[in-house]
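Participant: Can you keep this structure in mind? I'll have questions shortly.
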Amino acid sequence: MTGKTASGANKLLTLIAVTLAFSFTFLSRYIWSPLMNDVSAEFGINATQAGLYMSAFFAGYLITQIPGGILADKYQPKYILLVCTVLGGLMTGAMALLKSYEMGLVIRVVTGISAGCVMAQCSKIVAITFAPQQRAMAMGVVLASPPFGITLAQSIGAPMNQAFGWRGTFAAVAAVALVIAVLIVVFVKPIDRKGAAPAPKGKQPGMLEGLRVFFTDSQQLILGVSGFLFMFVTVGFATWTNRYVQSLGLTAVQGGLIVTCYSIAGVVGSCISGGLAAKLHASHRSFLLVSLAAMAVMTLVFAFQRSYGAMIGVGIVYGAVSYLPSTHYTTLAMKRAGDRYSATAASTQNLLFQLSSLIMPVVLGYVLDSTNNNYSYNWYIFFGCCAVASVLCLLVKKNDN
């Protein structure tokens, strides 16, 4: 199926299916957080061991980013996405049968491996299904998956745990994957390889050709560094804001609601990002420049707030603004790589972005320890990251829009 042959209704159903598949990877990752205490109590797991369950997932997630992109560019992303979704569901269901801590570690690594391939498949399906001028809007919807999946996990985890217990919650979440798998089977069509971009005449590209194309393109590397700094801020906000507001005298519940409002606004911001840029006749480069600059300003505005109501209000605006850039980073990467290597480009860029999730806790934790928990420095770091990310976009060629 290509953007030329797919009807509007088919495109929408395809988009819904792949967005739900990507959202499930975040639901399965973060459902652990609200269930952590009960599982820890049953198995005598300490805080460090419980944290390793998240690290185990992330390890599997990272190592399959690039392989997932290569596979999507070379084979059928529909079937890879289907296998990954079913495997993710089975592994989430296996957590309901947990017998030991070590068994859980293995399950979480495999769950991460299945999730790591998903974004590349979704990106490839979008690239083939939607015409170039529609891809930014479609990717905006797909990239709303992270805040949507995280918010869903935080919202349903505790109530379901109370109603069904932690084992029942894992089983229920696993069932969601099976429903999504049915949607993939029904609504996502196999790629017509006859319509794929032809290889250069006289050359047979190898498995790693997409990686070579990415890493020899200075523009991709500039976007990668800029996006790394951008992701440092978005992940940092979600990680530290609850503790920050508690240091101001607010409660953990209030801090959680601030982050939830930020995330919900992020879903909206991501969904409208591509359409907003088109409406304003803004190039991807220009939209990145402006949205990152706005994000820098909103970082300081939020940092200066002290009342709960103001933090909620500013947090909503901050969340919407903070999720505007993602769409344009990914769309630019896919456009530069061309249809043949679009999935490899998207997954490799995502790997660079996700590395900030590993580095950010260490950096900001060290800053807090070194300054007697003075959060002001963290906000200045966030501001600096946004500002530098915006400036780096000036180095992106104007004709790459």
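Residue positions begin at 1 at the first shown residue.
In case you wondered, yes, glycine gets a Cβ from its N, Cα and C as well.
Bear in mind that TrEMBL entries carry predicted annotations, made automatically and left uncurated.
The domain 'Major facilitator superfamily (MFS) profile' annotation in TrEMBL covers 14-401. What TrEMBL records for 12-32, 52-72, 79-99, 105-126, 138-157, 169-188, 221-240, 252-274, 286-304, 310-330, 351-367, 379-396 is transmembrane segment.
Set these features in their place in the structure for me.
Facilitator: Below 8 angstroms of C-beta separation, residues 11, 15, 18-19, 22-27, 29-31, 33-35, 122-123, 126, 129-130, 169, 238, 256, 260, 263-264, 266-268, 270-275, 319, 323, 326-327, 330-331, 334 of the same chain, each at least six residues beyond the ends of the transmembrane segment (138-157), sit close to that stretch.
Within the chain, the transmembrane segment (310-330) has long-range Cβ neighbours (under 8 A, six or more residues past its boundaries) at 123, 136, 139-140, 143-144, 147, 223, 226-227, 230, 233-234, 237, 245, 250, 257-259, 261-270, 273-274, 276-277, 284-285, 287-288, 291-292, 294-295, 298-299, 301-302, 346, 349-350, 353.
Through the fold, the transmembrane segment (351-367) approaches residues 58, 61-62, 65-66, 224-225, 227-232, 235-236, 239-240, 329, 377-378, 381 of its own chain, all at least 6 residues removed from its boundaries and within a Cβ separation under 8 Å.
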Participant: Suppose I define contact as three or more CB-CB distances under 8 A, residues 6 or more apart in sequence; do the transmembrane segment (286-304) and the transmembrane segment (52-72) meet it?
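Facilitator: Between the transmembrane segment (52-72) and the transmembrane segment (286-304), which are separate recorded stretches, there is no contact, as judged by 3 or more close Cβ pairs.
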Participant: Of the listed stretches (105-126, 169-188, 252-274), which one yields the highest count of Cβ-Cβ distances below 8 Å with the transmembrane segment (52-72)?
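Facilitator: Most contacts with the transmembrane segment (52-72): 105-126.
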Participant: Between 79-99, 105-126, 221-240, 252-274, who has the most Cβ pairs under 8 Å to the transmembrane segment (169-188)?
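Facilitator: Counting Cβ pairs under 8 Å, the winner is 79-99.
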Participant: Between the transmembrane segment (79-99) and the stretches 12-32, 105-126, 221-240, work out which stretch tops the count of Cβ pairs under 8 Å.
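Facilitator: The stretch with the most contacts is 105-126.
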Participant: Let me know the model's mean pLDDT on the domain 'Major facilitator superfamily (MFS) profile' (14-401).
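Facilitator: That region's mean pLDDT is 89.
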